[in-house]
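K.L.:
Here's a structure for you.
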Amino acid sequence: MRHDHLLSAKQLSRGDIEGVLDRAAEIAADPDAVAEKHSDKLLGLLFFEPSTRTKMSFDTAMKRLGGDTVDMGSVDSSSVKKGESLADTVRVIEGYTDAIVLRHPSEGSPKLASEFVDVPVINAGDGAGQHPTQTLLDMYTIRENAGLDDLTIGIMGDLKYGRTVHSLAHALTNFDVSQHFISPESLQLPRSVRYDLHESGAQVREHTDIESVLETLDVLYVTRIQRERFPDENEYRQVAGEYRIDADLLESAKDDLTVMHPLPRVSEIAADVDETEHATYFKQAHNGVPVRMALLDEML
């Protein structure tokens with residue numbers, strides 16, 4: 001993959017995706033081979049929203065490549081609290097680091113940041129927009145379990161505000177898959193994403209219940225309801241807990257169904273699913289390290 005920045009899954013071709021996944025598999029098999037490869041590099045971590053997995057896996061990935069990270073820390077302890085603009089912040093951080101990983105509550109912020117710096121900018125989530133590096137590790141996990149073609153994939157939950165969903169849906173258009181979107185009507189895919197999928201010729205179906213499609217699925221990607229994105233708390237309460245997967249429900253699924261979740265989960269996957277062979281979400285999270293190592297290896 002040869003891009004100056006990674007801002008959206010829409011910029012990734014099939015070749016880009018497979019290249020990163022192949023490199024990640026090589027690194028996972030022999031991490032010592034790259035243990036000092038980027039010992040002269042520093043990665044800037046600018047997270048304007050909370051993060052556990054994404055931030056820690058980028059930190060781990062950079063250090064396992066021999067480099068180090070510079071963390072802006074809490075927004076409350078930075079000059080952002082004093083009113084500093086995003087443009088000024090990234091122009092300063094550019095002078096300290098060789099690449100910037102940015103998470104921000106406003107859609108389009110990584111693209112804006114990329115216009116002010118010459119180092120690579122990697123989108124680690126921009127509001128309800130995109131999360132392309134999550135998609136790469138999702139694709140890696142799907143490929144490990146089921147391949148990437150001739151699949152029926154269900155994506156369930158908050159499709160309106162879920163940025164991981166938007167990125168994954170775009171990336172899957174590069175492959176021979178049928179996508180089924182399961183959500184309340186109020187949380188269906190945004191019109192812009194639907195338009196992109198239609199223009200790509202993707203096989204897409206929308207549902208309001210999981211039971212009608214579960215037995216056909218090879219992969220079920222579950223997401224939480226994005227409470228922090230709702231403009232009205234009452235709107236959130238109307239849909240919270242409406243879609244839930246448990247072991248009893250999965251009795252009607254294929255034996256080899258892969259159940260995924262970008263995490264954190266709230267109540268949308270019951271704890272009893274953890275003990276089934278379907279559960280893949282913790283391994284999915286762990287895959288973030290080799291995938292982000294591969295991405296950094298190609299972009300630095």
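Placement of Cβ uses the backbone N, Cα and C atoms for every residue, glycine included.
The following feature annotations were taken from Swiss-Prot:
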| type | residues | note |
| --- | --- | --- |
| BINDING | Arg53, Thr54, Arg103, His131, Gln134, Leu263, Pro264 | carbamoyl phosphate binding site |
| BINDING | Lys82, Arg163, Arg224 | L-aspartate binding site |
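Mind mapping these onto the model and telling me what they sit next to?
P.N.:
Sequence-distant contacts (6 or more apart, same chain, Cβ under 8 Å) of Arg53 (carbamoyl phosphate binding site) comprise Leu263, Ala285, Gly288.
If you draw a 10 Å sphere around the CB of Arg224 (L-aspartate binding site), it holds 20 other CB atoms from the protein chains shown.
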K.L.:
By the DSSP assignment reduced to helix, strand and coil, which category contains Arg224 (L-aspartate binding site)?
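P.N.:
In the DSSP reduction, Arg224 (L-aspartate binding site) maps to coil.
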K.L.:
Determine, to the nearest whole angstrom, how far the Cα atom of Arg224 (L-aspartate binding site) is from the Cα atom of Pro264 (carbamoyl phosphate binding site).
P.N.:
8
K.L.:
Given the binding-site residues Thr54, Gln134, which one has the fewest other C-beta atoms within 10 angstroms of its C-beta?
P.N.:
Thr54
K.L.:
Under a criterion of Cβ-Cβ distance under 8 Å and sequence separation of at least 6, what residues of the same chain contact Arg103 (carbamoyl phosphate binding site)?
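P.N.:
Looking at Cβ-Cβ distances below 8 Å from Arg103 (carbamoyl phosphate binding site), excluding near sequence neighbours, one finds Leu46, Phe47, Phe48, Glu49, Ser51, Thr54, Lys55, Ala124, Gly125, Asp126.
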K.L.:
Determine which residues of the same chain, besides Arg53, Thr54, Arg103, His131, Gln134, Leu263, Pro264, have their CB within 8 A of the center of the CB atoms at the recorded carbamoyl phosphate site, and list them by sequence.
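P.N.:
So the extra residues in range turn out to be Ser51, Thr52, Ala124, Gly125, Thr164, Pro262.
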K.L.:
Out of the binding-site residues His131, Gln134, Pro264, give me the one sitting nearest to Arg163 (L-aspartate binding site) by CA distance.
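P.N.:
That would be His131, nearest by Cα distance.
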K.L.:
State the count of C-beta atoms found within 10 angstroms of the C-beta of Leu263 (carbamoyl phosphate binding site), not counting that atom itself.
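P.N.:
Around Leu263 (carbamoyl phosphate binding site), other Cβ atoms within 10 Å: 17.
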